[in-house]
Amino acid sequence: MPPTAPAKRQPRPKLDPRLAMLLELDAEERRELVSRELSRIEDIGAELKAVNEDLASFPARAQEPMIHKLREIYGRLFAPMSAGLLAEGALPDSVRKTGDPVFSAFILADATPDRLAALGVTVRSQAGDVFTAFVPQSAIARLEEAPEVRYVELARSVVPTGSSTDTTQVLAPRTAARASPDFNGTGAIVGVIDSTLDLYHPDFRKQPGFATRVLGLWDQTLAPVRNEISPSFGYGVEYTRKDIDDQLSAFPGTPAYQQVRHNTGGEVGSHGTAVAGIATGNGRADPTCVGSAPGADIIFVAQADPHSANALADNVQVMDAFSYIFARAEALGLPCVVNLSNGDNLGSHDGTSMGERFLDALLEKPGRAITLSAGNSTGTACHATSTLAQGTSTTLHMSCDAQAVLSDAVEIWYDDDDRFDVTITVPGPPPLTLTVSPGDAVTAITPSGVQVVVDSTETGISGANRVSVLFLVPAGAAMPQGVTLIEVHATQVNGSGTFHAWIDRNNRLYDPVTMKEIAHVFFTTWVDDKSLTLGTPGTARHAITVGNHDGKVPPQLASTSGLGPTRDGRVKPEVAACGENVRVPWSCNRGIDSPQSLYGEKSGTSFSAPYVAGICACLFQRHGLSLTWAHLKQLLADTAGNQQLTIPDRGFGFGYLQVGPLIGNSPRAVDVWIQDDPSDTGLEPNVATVIWASPDIEILDMARVPVANPSRGPGGAATNIVRVRVRNRGTQVAANTQVHLAWAEGATYVPMDAWQTAGLFVAATGGAFTQPGSTQQIASLPPGQFAELEFGFAPPAGPADRPLTLIVQLQNAQDPWLGASQPWALLGTRNNLAMRTVQVVAASHPSPWTMQFTVAGAAASESTGLEVSSELGGGQVVLRLPQSALPLARRGQVTGEARIVDVAGGEVELTLGQGPLYVPRLVLGPGQPVGASISVTGAPAAAVPRRVHVAQRSGGQIVGGASLEVRP
């Protein structure tokens, strides 16, 4: 391209800057860009294939130099600027061929799949308000005009977070300890999204026989031939367990890779095989090398074929892979954890990127978990930060050396309440200067032909501003050599004034001497390599992000392991595990008839995360399908080691993984508790689905006769007694335990600021409840015993069909409840907090039986959903909600055997079928209350009490609920 002066581009705030840039190229320029970048990747794939074929022919002790050569070639992989623009001839059959360019993209929209299809989009999957899709160029203008569409983001290439060392010469390997002889992941699924899997490896087969442990394999890089089929996403090839078993039983009589065409190049030492083995290997070929969940089943998605033009996956395909695995697990009724060991340097790093929103939405269902690697970007000088006062400036220096020959990108993120101007000065001769203010987009071409695009339009995704700087390097050119100046000037500071900048990973090369990635584009001023070097999607809110330590005692963090916190201040990673010098299953080339190593050694966060994935599978085995991402985080944090650490730590998070305490859960010295539900044993967390019906909170009349509901009145003197039972499951006497009682109007979520104590009494001299008070103390409570206390209660006047919520919180110096200061201070997570929100109706009472309650939005960053279930054995259960809380566009997201029967007077009626009714993602702000109700008609008679339960979930975690009990 000839050089051009800086010129403003048309702002396209609903499109990500790279997509907007590609749309400005003419058809020939786009074809040339795709062809050039694809050719480079094909050349890298060919080199990898050649070295891999040689590698399989050499004995293990002679493979070391070739393994380093593979790492050097892998290090040249890059994120193409054209990623997401599908090459001609590469379109799947599911996309109509019109000659129109097609993009793989995320769409953020308050819409249904049918609505997006009407706009010309082929939807592949959906999680919450994020869709993955094939988007023809002709549909993009319609998407920009549609009010329900908020943002369109082009797919980005992803590469494995990598290993700093690979070797088959295992001198002192570290084989991670099994979780427990009793817990091996049986009954759970471990999903792995990675490159290739050696299906022939003994570690992934059952013993005895040929049977595979792989329930399904989706190779996203293949196109169907003969009788092969694609899954519902419309691309790739899906292989069943039977397909794999047929191939394994036929081998070696039938050559490898014939029936299941996955990994036809026979990749040696593959990343995917190592990752899957750390999580699930059963040690069939070597009992000393066993993964953390050897009893789990496996679902594998191959996102890349290193020996072809498909050497890189895109992050939209990765989200399809997560959807596929969780859908398969849900169909089987099994809990599932999915591991991803690759990532990206760019993004908001605050959990609001498209991929992170997608993952968090998938985890709104219980029985699901995701483990992510923290990345290996620490020490690469890819992150810089500064804090500005209004009217001041900071200048970042970004150095590019002669080996920086690939297109690259920089992103700058800062608070939504601030306004920054950014000036880019690219070295010449002559120098090129581009300046943008918020809302601007500017482009220019240097004398060497490098196109520079600076975009400061709104992101449309998060509560933050982004400045994107793209460097599009043509054939034969390089990044501008020398120092590029990036001046950030604060024109308005109403937020923190802090900005963070990240450089993409494109111009990094592997150094075989240091066995590390060396950055050839890097910051030299305002560098921060001590925080915020995590990759994305590793900053997702619900996923478990894992750092990498060396396995020593006490462990030392690996020098490259990604560091937190997130840009919005959350603790990340949550935990660190050993990923250095880990012995792993080693994939072989089954097309070569020669002895090959079955095990090798790898290092990096890629190999610490899957170990935690296997541990999650064991925890699912122990706790069951109702375990959520929040429960898992609590368990990991509560049992993590923290010797010589200040918690939270930027690299270790809450500490280093300790398997024994995590699985064993030994009793504490003092453990005061109160039952959440009749099945509660005091084990933390309580994963039951009804945790607001504490049998240890009992309502009596003033004669101490149990009653169904509190007697509402005008207030004043106590009309009821609340009896509280407090227990000690510890091993020592609990001294001076304080018991706090509070109440609230019946709601499915009662935040602490809604707790009330007015109308509560303790007994005065003589035993009458005349002294206002909500706290009493138990002086001594022996282990294994319980004590009972009584409070007087004068409930306020209110509707007879509206329950009251009673809350009991215990406090002991040796077993404190820290309230909102704890990350997991929600109902059910700690056993020293319990509630009772139950409305009792007599079966003899004329129907309909009703219960009114309040639903309130929980955390600002989390979605609110309701789950209704019934023990009645029949009849009609109707949930009524304000129409404003359930937009019509989301009716299709109501699941279960439910149907909307009426929309009238601003109210929506939903009926419960044979299974639970789940109403996700209600439109409620934090703390915003709306009235709701349950009514029951036609329920059959029964001799025992039965209940209808309404649980409220915040981000998938139960935060409360209310129950209507029909009592005979």
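Heads up, residue numbers simply count up from 1 along the chain you see.
Glycine residues also receive a Cβ, built from the backbone N, Cα and C atoms like all the rest.
Feature annotations, reproduced from TrEMBL:
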ACT_SITE  Asp194  active site, charge relay system
ACT_SITE  His271  active site, charge relay system
ACT_SITE  Ser606  active site, charge relay system
DOMAIN    185-390  domain 'Peptidase S8/S53'
DOMAIN    529-655  domain 'Peptidase S8/S53'
REGION    548-568  region 'Disordered'
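Fewest Cβ neighbours within 10 Å among the active-site residues Asp194, His271, Ser606: that distinction goes to Asp194. Each residue contributes its Cα atom, and for Asp194 (active site, charge relay system) and His271 (active site, charge relay system) these two points are 7 Å apart.
Secondary structure from DSSP puts Asp194 (active site, charge relay system) in a beta strand.
Within the region 'Disordered' (548-568), the DSSP-based counts of helix, strand and coil residues read 0 helix, 3 strand, 18 coil. Averaged over the domain 'Peptidase S8/S53' (529-655), the predicted model reaches a pLDDT of 92. Across the fold, the C-alpha of Ser606 (active site, charge relay system) and the C-alpha of His271 (active site, charge relay system) stand 8 Å from each other.
In the three-state DSSP reading, His271 (active site, charge relay system) counts as helix. Ser606 (active site, charge relay system) carries a helical DSSP state (H, G or I).
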